[in-house]
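> Just passing along the structure, written as structure tokens.
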Amino acid sequence: MEKLTIAQIKKMLTEEISSEQLAELKLDERKGVQLAIKSYEKRLKKIENEKLEFQNRLKIERDLWDKGIEYIAGVDEVGRGPLAGPVVTAAVILPHDFDVFEVNDSKQLSEKKREELYKKILEKAVAVSVGLSDNNLIDEVNIYEATRLAMKQAIESLNITPQKIIVDAMTIDTKIPQLRLIKGDAKSASVAAASIVAKVTRDHLMQFYARIYPGYGFEKNDGYGTKQHLEGLENKGVTPIHRQSFEPVKKILLK
């Protein structure tokens, strides 16, 4: 290999290289090169670990596929805790060859990574759907029941009827056999994919609401009770998307 500059080597190491190329680079004693190699190997190790963890998250699906259960829907929700906006759910059926190893619990991912994976899930999944319960329904039936209704809506909106449902920590009112899995978004790839779809969908909705109702910081807090949000409630009052059964919204309405 012709003598390269450190900058050229760093650029080269942004992509995967052959073991022969790596061995040759290791002969270069320049400190900058050795640091670049160390960083490269650390990144490869991280990817290797992520792939292994992903295979573990696919174990439940793989076991069911081996039993002839073809269509398995992972179901998850986001938005049970905020003071404003809907609770959003998603249902995702993954193909047997799904290999997007970075798909994980949405809470473990950056906004940029979630957006990137959201597009890949929509592109590669067998079926994807979302369900939604708005703040009025939440106030009418309570957040738990509203979440269950949104999950049922997501399942019924799939263009393929699943043979099995894996749901994160809840049960859905359906005759389809279901597996209730505590922390399912960290244990099942299908549920993890659903958590990403639900989160990105709700984030987009809250960004839309932020333009309609400025001054509450919905684009940053997603409707949660941050300082800016609480100050907005005090100064501007309650919006049509606030959950009136939630404190301190309820208290403000009584003033």
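Just so you know, glycine gets a Cβ as well, placed from its N, Cα and C.
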> According to Swiss-Prot, D76, E77 bind divalent metal cation; so which of D134, D139, D168, D173 is the extra one listed there?
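Between D134, D139, D168, D173, Swiss-Prot records just one in the divalent metal cation site with D76, E77, namely D168.
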> Sort out for me which one of D76, E77, D168 has the most neighbouring CB atoms within 10 A, since those are the binding-site residues we care about.
D76
> For the recorded divalent metal cation site, enumerate neighbouring residues of the same chain (Cβ within 8 Å of the Cβ centroid of D76, E77, D168, site residues themselves excluded), in sequence order.
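Near the divalent metal cation site, beyond D76, E77, D168, sit V75, V78, T89, A90, M151, V167, A169, M170, G184, D185, V191, A194, S195, A198.
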> Over the domain 'RNase H type-2' (70-255), what is the model's mean pLDDT?
97
> Using DSSP with the three-state reduction, classify D76 (divalent metal cation binding site) as helix, strand or coil.
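Note: D76 (divalent metal cation binding site) is in a strand by DSSP.
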